[in-house]
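Written out below as structure tokens is the structure these notes cover.
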Amino acid sequence: MKSNLTEKEENSMSAHKKHLILMGMMGTGKSTIGRHLAQYLPYPAIDLDHWIEEKQNQSIPSIFEEFGESYFRELESQAFKHFLEQSQQHILITGGGIVLRSENRKWIKENGVVFHLTADVDTLIQRLELDGNRPLLQGNKVEKIRRIWSERKSLYESIADYQIQTDARSPEVIIAEILSHWHQLPV
Ligand code: S3P
């Protein structure tokens, strides 16, 4: 039966049935924020990188080293789709490169409310300075962070519902901002 709701109202109603997706560059704090967020919302938080590592019984750097980036991207897309297809809502913590595939961007838009965690590139450089766990940052780290950010910035922005600044802000403040947006979505 056709409802009396306008198309806009029907779309906005469905927003709260979507997954809460945390997206952004390496070093924006997605995993920390996602873990804490799960204490305030009745949905499980899934860190896709950790999930892949457990499933493969292999670390991300080791997957990159043994099989290469495109193999990892395939695992990443499969893992992402696996959770998006479930009717149970999740907090999905994505790896920074999830936006590289257009099919992932399409799925994100269709199935998620997207929080783009951002930080100035100098903040990212500072936070990632001592990191040895990101295969894409091997070698000249500063140059690589700048390049990856400039390649991806517009991709992130094209699918973000909310931009969340993380520079010089505590997890508590960031979480409060995300929850305030989330709770304002139509039920
Ligand atoms: C990547 C980010 C990493 C991880 C992999 C590739 C990327 O996740 O998925 O090293 O391409 O930006 P984080 O964003 O959690 O560091």
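Cβ coordinates are placed from backbone N, Cα and C, and glycine is handled just like the others.
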Item to complete: Report the candidate from D49, D161, D167 that shares the substrate site with R73, G96, R152, as recorded in TrEMBL.
Response: D49
Response to the item:
If you measure between the CA atoms of R152 (substrate binding site) and T32 (ATP binding site) and round to the nearest Å, you get 22
Fill in: Cα within 10 Å of G96 (substrate binding site) - qualifying binding-site residues among T28, T32, R169
T28
Item to complete: Would you find the one among the binding-site residues T28, T32 whose Cβ has the most company, meaning other Cβ atoms within 10 Å?
Response: T28
Worksheet item: Just checking: which of the binding-site residues G29, D49, G96, R152 have a C-beta under 6 Å from ligand 1?
Response: D49, G96
Worksheet entry | Between R73 (substrate binding site) and S31 (ATP binding site): CA-CA distance (Å) | 19
